[in-house]
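Worksheet: one structure, shown below.
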Amino acid sequence: MKLSELLQQIDYVDATLAGDPEIKGVTYDSRQVEPGFVFVAMQGATVDGRDFIPAAVKAGAVAIVAEGVVETGDSAVAGVQVKDGRKALADVAAAYYDNPSKHLRVVGITGTNGKTTTAFVCKHVMANAWHRAGLIGTLGADDGTGMAAGERTTPESSDVHGLLSRMVDNGCRGAAMEVSSHALVQHRVGKVEFDVGVFMNLTRDHLDFHKTMDDYYRAKLSLGTHMARQRGSKKPVMVINVDDVHGQKMARALEDEVTVVTFGFSATADFRATSADLGMRGTSFKMKAKGREYLVRTPLIGRFNVYNCLAALAAADSMGMNFREAISALASVPQVSGRLESVLDNRPYRVFVDYAHTPDALENVLSTLKGLNPGRLITVVGCGGDRDRMKRPMMARAASQWSDIVLLTSDNPRSEEPEVIIDEMARGVVQANFKKIVDRREAIKTAVAAAKPNDIVLIAGKGHETYQEVKGERFPFSDRAEVLAADRLRE
Ligand SMILES: CC(=O)N[C@H]1[C@@H](OP(=O)(O)OP(=O)(O)OC[C@H]2O[C@@H](n3ccc(=O)[nH]c3=O)[C@H](O)[C@@H]2O)O[C@H](CO)[C@@H](O)[C@@H]1O[C@H](C)C(=O)N[C@@H](C)C(=O)N[C@H](CCC(=O)O)C(=O)O
Ligand SMILES: Nc1ncnc2c1ncn2[C@@H]1O[C@H](COP(=O)(O)OP(=O)(O)OP(=O)(O)O)[C@@H](O)[C@H]1O
Ligand SMILES: N[C@H](CCC[C@H](N)C(=O)O)C(=O)O
Ligand SMILES: [Mg+2]
């Protein structure tokens, strides 16, 4: 694509052109620039992308897009002035990749908890019906050829459009993607046309970034308003959990803008679970939808997974997929990595690894495990550093309320001292059933060593993560591998 063709498709304030070069790629990071690339300089929270314009030019950028007057320092390199760098990145990427979301059925899932699981279930349902489907989320991305690791839940917009474009090329007909609140604020899904948006729930998290729950809610709401502004031929549907108070508010706020479809246990829900049978190896529940009653079976464990299944089914129906086929696909959903993942199946005790890292998620998981009537419930849990500090005592409170033994330990301390994080957690405990073991490996060893027949051990907070981040360095660490190692020591 020529620079002139690209510029025709984006809004800009001013441009100093230098010929009409062929564009070979788009990036927001000077370290990724290759000859022929457009470099979009974004104003960051830590550094200003404009400071890296000289590095981008040196690496072969043919055009620089930035806020304010753009001095490229090289008369052969075009400078394009825009109002907002992050918005411009999405516009440039959508144009460069030829708006791939127009050629796919795209489901965007937001909410505090359940995005990864619901996206995974949606992708499974789509792949079952259409052979190939893509996925973007916390576990990485699948462009139709298999999973590849990613850095964040929702990548930067140029990476999102690049992935969607590869999905189209690889024969995917649909894509399920997690849309984090950070992504909505930072325009990472700018110019993505969604067929269906999904709102799961809103509970305490990320208040280091959003500051208030109201700001956090408004970030989530903007998925719906983003969809209402879509210009293409898609008629957007927003699927909303109305058992959640913020979901009820969102349904009211969006009802005139998009088609609202609701789910939950509430009597008014369009996709309504009426009863659930929660077992150790899976869940079955009855659902009223579309004027009929259905029985849904899934290997996913816990009441919260009823919500994830309802959301995926409502999304599938909103895309016009065969509903009975979608229901039967739920029976074969594979294990979602690090989400209530049973690590040892052939022992008299059970060990689960789970990504619960918010008070609500932890409460849900613990109540689910308690409902399975274990001998004792032994919980290993920590909280991440450089993240919302208020959730620390709340998570420890949930752990001590529901468990027989709690081992408070490190998660990803990042720049903080793990002992300080653990002390802040300890302020929330409600009974003297806890111990502090700073070294996560030791804590896991202690928990597994203590397990007696019928006990359940929960290792919470890090789920699928394969590292522990300490003072800017990532050390290899897997809860799953640590559990297996600890179990070997018992023999
Ligand atoms: C708070 C947050 O979301 N920050 C993101 C944001 O950082 P920032 O605004 O501080 O950017 P910056 O580091 O100042 O850099 C500004 C610009 O200079 C560029 N740069 C920088 C250095 C250089 O040498 N050359 C260069 O071009 C950067 O690429 C960037 O474009 O933009 C950066 C570039 O895309 C992201 O890497 C960074 O994610 C950080 C690492 C992060 O930890 N984000 C987390 C909190 C996050 O996004 N989480 C959500 C939700 C998770 C969930 O609940 O599932 C997610 O979607 O993952
Ligand atoms: N619908 C739900 N409601 C509440 N808790 C849930 C729900 N689904 C999963 N959980 C709990 O939350 C944890 C995280 O789930 P999941 O990874 O699916 O959510 P997420 O929204 O993608 O989280 P993240 O924002 O960290 O990526 C799970 O390990 C489980 O403990
Ligand atoms: N994406 C979330 C995940 C947190 C997982 C937990 N292990 C932690 O490090 O706090 C975050 O960055 O806040
Ligand atoms: Mg996720």
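The backbone N, Cα and C atoms fix where each Cβ goes, glycine too.
Unlike curated records, TrEMBL annotations are generated automatically.
TrEMBL annotates ASP411, ASN412, PRO413, ARG414, GLY461, GLU465 as meso-2,6-diaminopimelate-binding residues; of ARG350, ARG376, ARG387, ARG490, the candidate listed for that same site is ARG387. Between the CA atoms of ASP411 (meso-2,6-diaminopimelate binding site) and LYS115 (ATP binding site) there is a gap of 21 Å. Annotation note: ASN412 (meso-2,6-diaminopimelate binding site) sits in a coil segment as assigned by DSSP.
Tertiary neighbourhood of the motif 'Meso-diaminopimelate recognition motif' (411-414): same-chain residues 357, 381-387, 421, 440, 461-462, 465, 467-472, selected by CB-CB distance under 8 Å and a gap of 6+ residues from either end.
Checking the recorded positions ASN113, GLY114, LYS115, THR117, LYS220, ASP411 for a CB within less than 6 Å of any atom of ligand 4 leaves LYS115, listed in sequence order. Listed binding-site residues: ASP411, GLU465. The one with the lowest count of other Cβ atoms within 10 Å of its Cβ is GLU465.
What surrounds the meso-2,6-diaminopimelate site, by Cβ distance within 8 Å of the Cβ centroid and not counting ARG387, ASP411, ASN412, PRO413, ARG414, GLY461, GLU465, is the set HIS357, GLY382, CYS383, GLY384, GLY385, SER410, LYS462, GLN468, GLU469 from the same chain. Within the same chain, residues at least 6 positions away in sequence whose Cβ sits under 8 Å from that of GLY114 (ATP binding site) are MET200, ASN201, PHE304, TYR307, ASN308, ALA311.
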